[in-house]
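Visitor: Below are the features I grabbed from Swiss-Prot:
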SIGNAL    1-26  signal peptide
DOMAIN    40-69  domain 'LRRNT'
DISULFID  Cys41-Cys47  disulfide bond
DISULFID  Cys45-Cys57  disulfide bond
REPEAT    70-92  repeat 'LRR 1'
CARBOHYD  Asn92  N-linked glycosylation site
REPEAT    93-118  repeat 'LRR 2'
REPEAT    119-140  repeat 'LRR 3'
REPEAT    141-163  repeat 'LRR 4'
REPEAT    165-189  repeat 'LRR 5'
REPEAT    190-213  repeat 'LRR 6'
REPEAT    215-234  repeat 'LRR 7'
REPEAT    235-260  repeat 'LRR 8'
CARBOHYD  Asn259  N-linked glycosylation site
REPEAT    262-280  repeat 'LRR 9'
REPEAT    281-303  repeat 'LRR 10'
CARBOHYD  Asn297  N-linked glycosylation site
DISULFID  Cys302-Cys339  disulfide bond
Amino acid sequence: MSRLNLTMEVLLVAFVAVFLTSQVHSDEIPYEHLMSQLQACPKECNCPPNFPNAVYCDNKGLKSIPVIPPYTWYLYLQNNLIDVLSANALRNATQLKWINLNRNKITTEGLEVDALRAMSNLVHLYMEDNLLSSIPSPLPAKLEQLRLSRNKISKIPPGVFSGMGHLTLLDLQSNKLQDDAVTEVSLKGLNNLIQINLAKNQLNSMPLGLPPTTTQIFLDGNNIEKIPAEYFKGLPKVASLRLNRNKLANGGIPKNVFNLSSILDLQLSHNQLTEVPVISSGLEHLHLDHNKIKSVNSSDICPPGVLDDHLEEKSPRLRYLRLDGNEIQPPIPRELMTCFRLLRAVVI
């Protein structure tokens, strides 16, 4: 062995020894695996010894995925020119937990069938800003977060979420989904979903088939005109609802559709409302800015009996109210402040 090679070997061993005692992961990686990982690092990428399970291949101008070391947990491939996701490149990466493929050129046709399924331990998949026309299938069964915003997705294949009971977050913002794509059939299998983002699609109606576990629903920037009276009957846990920038008018909102004990955050900005809808006493944040509201009638918005009851524990929970961008003139009605005693901010 040459003196140079010997020196490099000694330095590598010393470097590894230093960082073995200061790993960022709670799960210890065996020494021999760490050595193998560092030595197998693709020449196009960066594998920092202090983050031994991570491989950084972002911003490298890559057109294909290099062969990834077997003990990789976190793989960063964003901001490249990758147009094919091959099973061969990831055949050794069976321990992957997190892969970031944002801002590439991957198409549905360029996604090989078994490329994702082989990653049986994957929990986070980022494929935002690509050229996908359909949701990738089959997906890893342990996946918890799937982020596919800003693609060209127009369809959700039936059964694509079958067996996806671990998925809690589904981000499909800024795609081309229409009403017939989001149904009970297409979403079947999402038994533990918490957040769904369907903002900036081409929906004309409220999406069907959302699981009862859903707590956050983002529907901003669609063409929704009405909400069915019983829509939230099957969604008992919804806490945050965003319907900004739709086409909602008073006629499209049944009187008590938002009078839900679970809802904490309701956003209806940039619609066509002329009146404040009925809200629940548990609501904490209400966004009604940039509508066509001319006045706020406290007797309509205030829950029954509140103005006559001075008990603090029975006060409505509203803390933040936006009414700017309407036709309302200051000052804020006194009855409004009397009703919502916990209000901390009113924008008018």
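Yeah, the Cβs are placed from backbone N, Cα and C, and that goes for glycine too.
I would like each feature placed in context: is it buried or exposed, what are its neighbours, and how far apart are things?
Guide: The Cβ neighbour count for Cys47 (disulfide bond), using a 10 Å radius and every protein chain shown, is 19. Under the three-state DSSP scheme, Cys47 (disulfide bond) falls in the coil class.
Proximity of Cys45 (disulfide bond) to non-local residues of its own chain (separation of 6 or more, Cβ distance below 8 Å) is seen for Val55, Tyr56, Cys57, Lys60, Pro66, given in sequence order.
Across the repeat 'LRR 1' (70-92), DSSP helix (H, G, I), strand (E, B) and coil residues number 0 helix, 4 strand, 19 coil.
For Asn92 (N-linked glycosylation site), the same-chain residues lying six or more positions away in sequence with a CB closer than 8 A to its CB are Val67, Ile68, Pro69, Pro70.
Long-range Cβ contacts of the repeat 'LRR 2' (93-118) within its own chain (Cβ-Cβ under 8 Å, at least 6 residues beyond either end) map to 53, 58, 68-87, 124-134, 136, 138-140, 147.
For the repeat 'LRR 3' (119-140), the DSSP counts in helix, strand and coil order read 0 helix, 5 strand, 17 coil.
According to DSSP, the repeat 'LRR 4' (141-163) comprises 0 helix, 4 strand, 19 coil.
In the predicted model, the repeat 'LRR 5' (165-189) shows an average pLDDT of 98.
Within its own chain, the repeat 'LRR 6' (190-213) is flanked in space by residues 149, 161, 164-179, 182-184, 219-228, 231, 234-237, 242, which lie at least six positions past its ends and keep a Cβ under 8 Å from the stretch.
Long-range neighbours of the repeat 'LRR 7' (215-234) within the same chain, counting only residues 6 or more positions beyond its ends whose Cβ lies under 8 Å from a Cβ of the stretch, are 173, 194-207, 240-249, 251-254, 257, 260, 262, 267.
Helix, strand and coil content of the repeat 'LRR 8' (235-260), in residues and according to DSSP, is 3 helix, 3 strand, 20 coil.
Long-range Cβ neighbours of Asn259 (N-linked glycosylation site) (same chain, at least 6 residues apart, Cβ-Cβ under 8 Å): Val278, Ile279, Ser280.
Under DSSP, residues within the repeat 'LRR 10' (281-303) fall into helix, strand and coil as 4 helix, 3 strand, 16 coil.
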Visitor: Asn297 (N-linked glycosylation site) has how many other Cβ neighbours within 10 Å of its own Cβ?
Guide: 12
Visitor: According to DSSP, which kind of secondary structure is Cys41 (disulfide bond) found in, if we only use helix, strand and coil?
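Guide: Where Cys41 (disulfide bond) sits, the three-state DSSP reduction gives coil.
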Visitor: With every protein chain in view, how many other Cβ atoms are within 10 Å of the Cβ of Cys302 (disulfide bond)?
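Guide: Summing over all protein chains shown, Cys302 (disulfide bond) has 20 other Cβ atoms within 10 Å.
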Visitor: With Cβ distances under 8 Å as the criterion, find the stretch in 165-189, 235-260, 281-303 that has the most pairs with the repeat 'LRR 3' (119-140).
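Guide: Top-ranked stretch among 165-189, 235-260, 281-303: 165-189.
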Visitor: How far is it from Asn297 (N-linked glycosylation site) to Cys339 (disulfide bond), counting Cα to Cα, in Å?
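Guide: It is 11 Å, counting Cα to Cα.
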Visitor: Within the same chain, where does the repeat 'LRR 5' (165-189) have neighbours whose Cβ lies under 8 angstroms from its own Cβ atoms, ignoring anything closer than 6 residues to its ends? I mean 6 or more beyond.
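Guide: Same-chain contacts beyond the flanks: 123, 128, 135, 141-159, 195-205, 207-211, 218.
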Visitor: In the structure shown, with every protein chain counted, which of the disulfide-bonded residues Cys41, Cys57, Cys339 has the densest set of Cβ atoms within 10 angstroms of its Cβ?
Guide: Cys57
